[in-house]
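Engineer: Just passing along the structure, written as structure tokens.
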Amino acid sequence: MKNSGAKAKTIKNGLPFIGLISVIVILEIASGGQLLTSRNISTLVNEVFVLMIGASAMVFLMAQGNLDLSMMANLAVSCVLAVKAAQVNPLLAIPVGIGVGTGIGAVNGVINAKCKIDSFITTIGMSFVLTGLVTILLDNQGSIAGPMEMLSWNSTELRIVVLACVAAVGYILFEYSKLGKYCKAIGSCEEAARQSGVNVDKVKIITFMITGGISGLLAFFSILRTGTATSSVATNTMFNILIAVLLGGVSITGGSTSKFRAAILGSFTMAFLAVGMTICNVDTTIQQLIRGAILIGIVYLTYDRRGIAIIK
Amino acid sequence: MRRNILIRIGYILIIPLLLMAIFTLASTGFSFASSYIVLSQTMLPLVMAFGVSFTFVVGIFEMSVGAQVILSAVVGGILCRYLGFPGLVIGAVGTGLLCGAAMGAVYRFLKIPTMVISLGMLMLFEVIAQALTKGSGYVSLESEISSMGTPPYNFVIAGIAGVLFYIIFHKTKFGHGIRALGCNDYVAVNLGLNNNKLKFKTYLIGGMFYGIAGILSICYAGSISAKMDLGSLSMMFPPIISVLIGLQLKNIVNVFPVTILIGAYSVTVLASGMIAVGLPAPMQDFVTGIFMLVVMIISTNSAKLGKLFDRRKLLNRLNKAAE
Amino acid sequence: ARPADGGGQETPAAGSDAAEETDGGASFSVGFLDQSGEAPPVVRMREIIRGVVESAGGELICDTSNEDSAEAQVNACEKLISAGVKGIIMTPMADSILPSIISMCEENGVYLAITFRNIGDEDVAKIVEASEYYAGNCYEDEEMAGYNVMSDAFEKNPDIKQVALIALAVGDNTSDARVAGIQKACAENGAEVVAEVRDIQQASDATEAVQNFVAAYPELDCIAVASCYENSAITALPEAIKGTGLTADDICIVSCDGGSDMTKLFDYGYAISVGGGHLEIDRGATAVMLVNAIQGNPLGTPAHISIPYMYFGSVEDVGDYATYVEGEIPIWTQDEIRENLLISQNSALAPEDVISYIQNYSLDDLRTRHADLAG
Amino acid sequence: MEKKDVILTVNGMDKSFGATKALKNVGIEIYRNEIHGLIGENGSGKSTLSSIIAGMQKCDEGTMEYCGRPYGPANIFEAEKAGIAMVGQEQNTLEDISVAENIFIGKEERFQSGPIVNSGKMNREARTVLDGLGLGKIKAEEQLKHYDFEQRKLVEIARALYDRPELMIVDETSTALSKYGREILYRTINGLRDQNKAVLFISHDIVEIMAVCDRVTILRDGEIVCTLPKEQYDSHTMKQYMVGREIEENYYRTDYENRLTDEVALRAEHINTEVLKDVSLELHYGEILGIGGLTDCGMHELGQVLFGLRRPVAGSVCTGDGTPLKNPSVALKKKIAYISKNRDKEALMLSSTILENICLPSLDKLKKGLLVTPGAEKAFALKYADLLSVKMDRITQNVMYLSGGNKQKVAVAKWLGTDADIYIFDCPTRGIDVGVQSDIYDLLERLRKKKKAILMISEELPEVIGMSDRILILKDGSLTAEIGRSKNTTENTLIHYII
Ligand SMILES: Nc1ncnc2c1ncn2[C@@H]1O[C@H](COP(=O)(O)OP(=O)(O)OP(=O)(O)O)[C@@H](O)[C@H]1O
Ligand SMILES: Nc1ncnc2c1ncn2[C@@H]1O[C@H](COP(=O)(O)OP(=O)(O)OP(=O)(O)O)[C@@H](O)[C@H]1O
Ligand SMILES: [Mg+2]
Ligand SMILES: [Mg+2]
């Protein structure tokens, strides 16, 4: 009895991985072995980079039952200011990018925590503001270029290291630190968390600052890769990050079932799909069909419904 | 009592009146006379907002609003070629209902979070609309039929939708059910409400309103284009803002369709007004965002502000007592 | 000569001749950073590229994940390279992304061709043009187009004083350049751009914009469309204006974008200038440039092809445009491509011949070349 | 005695939740014209049994017979239609809809003409029901959130009563009610009995059970121990039957000494809120300070103010060393613990595990360096869950699935774990069975001996009298009396100040 229960638990815990693995296997076969080649490593790394780092930050918010839809608009603004700073001195791009991002995150946090505005509304509103702001900051130019030398700082190795660090730090923070546990507690029952001495507002603001700071970090890496800041706001990437976390099995209501691995599994699944389907030259309309079906299918198979009385 | 109601009505009209006053003063062309046009523009987001409010109130995350409206309009437009206006109505509303039923069925049988359903189904709906418009990318109507999207017909259609909405939301067992479920679904289910059935119906009825919105949308301009790559997402923002404002105002006057109308109207006035004062596009985004945040902050915290006021009064009284 | 095999070898001269067209399977592939959706112009642009590539025995791989941001474009290029393409066609969102892309291309022996753009940034241009894998670019003078179309409107109606603008979101180079041209023409003619609406997604947005313009500026004379994602939105303008109770005598429409459905604009009557028609030729020419380069016959080192803008001023023009550009007949038939555009297929061709054949493109050119096909 | 008329028979009922066997071969008979008591330890299956009868869930095995016919409701509405209604122990009301809508939830069709629900008629009907219960103060069309905990419970009673049930089940409701509410409840159930109907009454208060019930059935670990008629009532044996072992009769404090130190732990000065009027008090280390009063006298609010959850309009709260308590996290740092009366919404995270609930306020203590290891958490949670003998499958079980009393134990356990110096307990023994209640009193006494400061807010006067060094009485927001510990204090002394 006990044994079979334990077995069922391992299977349930393994399921999310099975989703990712089957996506990889199917694409590997469909592409005739072209997916997992050494040349593709860097492609995959670049595809997964924004997704996974963004998702790693987002999962903290989603554990609280919040989300940040202004991350990419934040990235665009941070990017513009970082490029302007880099024109003075390329090294300034890092502190300015992350600083601006964190600052915007703090504004989100204060509006959400102190003014009690739902995070969805807060960050949609902010992304309107920021989208306007980018173009205003760019003075109606489409883009501004950063110093050319920054392009040479970019390397796949650096990205792999950063990815690994973010994953490791994120995992430890989420599963083993006070911050992660507080986030889950807030998602589970905010009032009970407050009455257990959790400074709910502070935790929320800090988490928004983290997603903001991460946007700033991503802005810096975007400059390394593109050498430029443009007025475009990557709305699709924003929603892909959200989809990645959902695909990994985190529910938007958050709470104690949230797992950090969702960020990693979900973003890798998305990245493998993106790269694999291009390699297989799948028609773009069909690609979207497959994405939609996979999102629903994988979540159906792997969603952890234990302890959730009513699914939201 | 009667006076009280008049004051309340005045209170909920503050936002649109204030916006109109500002824009009338700030621009040459915009005036209170423009309100008829603005009202006509409001009908589409309004009917979408009717659909959104059900999902919103019951606690479902719904992002496929735009995709459902587009798909309904596309199917309606195609059927219209064969059956005329009735074809449009049957096609659009039928498709809306089907979309809703599909989402409801996914919720009921696959038991996955509503956010996942909305994003996954959004992608599928976009693909279907895309496939149906293959060739031209859009569906257009003959101009006699598309005149149904202009006043006074659009007022009639939206009016019917509004009455329907009022009855369903305020006056039916279903409306009572979803409001109960929205408060606390765990307790509501404990009290015997059937969560799955109610959520299924919520999706279904939402879909019906998106179908009606589909009619307005294709008639309004005579054509509708399919969107891919989550391109339909942005259509959900005006109705959502409208519902949010509507929900806040509903605490003052408890007639939801009217307060949503005021919300939708405010959003439209803002958009037209900004064009009238010649704001460049980036500034328009900026102001829209700020407006949305400020309205939400003030309305959400007005009770708290009121309390602060009471607190001051109480303090004064205490001080006096101390003296 | 036969279509060449561009795969496997990495020197620019790779297999300039020979190599059988393998049984159904393509011998090389070309990647294209496409727009998403199936709007007719998007499809035609995609199909003309496909026509050129397939005439040369290749296969086209499209990527639509690139519209989001500059970074997404770089990622898209990388993905296409992973998919084994031999050449990439793209419209860069910003010049500065080109150095990273060209270096990826060099590492993997992939050619790059730019469509719709010039490289404006001199530093970037220096780096990119130094690369043997840069095939070249095709471009139009968009500012001039905006200027010409608007000036034409002033010629027909010198009384235009207030202009309202419809354009893409700020940051889109084409649209921005045309806006600049329109504004220049307005300034020269004493008119003013009083209002703008950008990023129109649906016909209904256009209708709404017109209503707002008219409500705010009763004196409005002209609505100028610099660019729009949806032709259906442009064609909705006349109805929208009529809906406000005004007529063509009150407000004219000027559009730099257009297609055959613009007949509605002409039916509406009054001073209208519509430009368009360059979309297909620009994409096609870029594909020609790229495929030739892949097959070892570069059109230049690198090539720069300026594409003539197509203006049409009458219903007839629009009708012909519908027949020859938007209809069933491609702007270049497979035979024409093999005969006149692919050096590998017709060794008698010199690069200059190819370029002049491309630049010869106009409505008249189409009328003469395809009169029999239109039958 | 004359032969009784059986209204409901339960035969051979089994119910398991995973590995937990909540009911084992349960059989019970309920007569008309009686109030039938049901008692048992926490987790013994009382709520499970009653919720099955009321149609809220289904049994695995077993049959029921109601009014001589087989009975097996598919849902709560079927049960209600048949004439069985239940007032549950958890809060089962919805705050954002009106009182009338709460009363008639799921039964709107009664006011329907065509598809349209006539809300005017519904409000009038609700008005009649409320008036019938003597709840003139509650307005039918007002949203429920404007009413307090007790009034919401009374609305639930109104809901259950509306259909004039033949059998009404009252599960652990009296602990949520003050004296005033209880009187309404007793009047109601006595009325039902007198109309030849039946009541199944669940409570952990033996005295109450003995006073109210005509017969009482005792459950232990999901099995029926026995059913006693009124003549055989004896609190000592009843408790023994429940717990299955000998327990001490006298579980309150037996000493009559005064507080152990004069060191001030917590000081509140001139607190004013919407309810409280100029309340000042000092809590000392080494004492149990009892706060008594009616539910709406402001005593629950006082607890919140003292923990920094609610900012007073005027006045200040600070610890003995003068640190002002701005918010709960300051309070936690200052080693203050607080248990809200509203267990499900404020004291516990229902959808989290027992482990997470117990560890949450103690994470600072548990972390090594920056991190908290799962092993340390588990050991810690197990220790405190065992200390309060929480009846559970495993420590990673969701709190949602615990019985009411066991939830309360988790709430107490989580604060004991923090090793706090000051404890603010609002109704700490609510819904806890007698066995564990005595453990908790024992624990309070030990804490007191360790010179901790304890503030106990409670509606149970015997508990306040039995445990406190000092008692403060609140009435309508003002402190009306301070009573020292003495043998002579009786409930009547306190009631005198309370009303
Ligand atoms: N939905 C559920 N899932 C899992 N276990 C449950 C569920 N409901 C009840 N239980 C378990 O069944 C047992 C009996 O619970 P029940 O609520 O009937 O006890 P009770 O007698 O009402 O206790 P209390 O006095 O604490 O309320 C407990 O061990 C409880 O944890
Ligand atoms: N189907 C279910 N799903 C989830 N939780 C359930 C379910 N059924 C019962 N529970 C939970 O199990 C517990 C059963 O115990 P219950 O609340 O009925 O105890 P109680 O006897 O009323 O409380 P007390 O001991 O305070 O008198 C409840 O707290 C309830 O929340
Ligand atoms: Mg119970
Ligand atoms: Mg109980």
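Glycine too: its Cβ is placed from the backbone N, Cα and C atoms.
TrEMBL does not curate its annotations; it predicts them automatically.
Found this in TrEMBL, in case it helps:
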type	residues	note
TRANSMEM	B:9-30	transmembrane segment
TRANSMEM	B:36-58	transmembrane segment
TRANSMEM	B:65-84	transmembrane segment
TRANSMEM	B:90-107	transmembrane segment
TRANSMEM	B:114-132	transmembrane segment
TRANSMEM	B:152-169	transmembrane segment
TRANSMEM	B:203-224	transmembrane segment
TRANSMEM	B:230-249	transmembrane segment
TRANSMEM	B:256-280	transmembrane segment
TRANSMEM	B:286-303	transmembrane segment
Engineer: Okay, the transmembrane segment (B:9-30) and the transmembrane segment (B:256-280): do they have at least three CB pairs under 8 Å, pairs separated by 6 or more?
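Structural biologist: They do touch: at least three Cβ pairs between the two stretches lie under 8 Å.
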Engineer: Mind pulling out the one from B:9-30, B:36-58, B:152-169, B:203-224, B:286-303 with the most Cβ pairs under 8 angstroms to the transmembrane segment (B:90-107)?
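Structural biologist: Most Cβ pairs under 8 Å with the transmembrane segment (B:90-107) come from B:203-224.
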Engineer: Thinking of Cβ pairs under 8 Å, which stretch from B:36-58, B:65-84, B:114-132, B:203-224 has the most of them with the transmembrane segment (B:152-169)?
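Structural biologist: Stretch with maximum Cβ contacts: B:36-58.
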Engineer: Out of B:36-58, B:65-84, B:203-224, which stretch has the largest tally of CB pairs under 8 angstroms to the transmembrane segment (B:230-249)?
Structural biologist: B:36-58
Engineer: Apart from its near flanks, which chain residues at least 6 from the ends of the transmembrane segment (B:65-84) lie with a Cβ under 8 angstroms of it?
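Structural biologist: Contacts of the transmembrane segment (B:65-84) (Cβ under 8 Å, skipping residues fewer than 6 from its ends): 48, 51-52, 90-96, 99-100, 121-122, 125-126, 128-129, 132-133, 139-141, 145, 206-207, 210-211, 213-215, 217-218, 223-227, 232-236, 239.
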Engineer: Would you kindly check B:114-132, B:203-224, B:286-303 and say which stretch has the most C-beta pairs under 8 angstroms to the transmembrane segment (B:36-58)?
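Structural biologist: Checked against B:114-132, B:203-224, B:286-303; highest Cβ contact count belongs to B:203-224.
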Engineer: Apart from its near flanks, which chain residues at least 6 from the ends of the transmembrane segment (B:286-303) lie with a Cβ under 8 angstroms of it?
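Structural biologist: Residues 15, 241, 244-245, 248-249, 266, 270-271, 274, 279 contact the transmembrane segment (B:286-303) from elsewhere in the chain.
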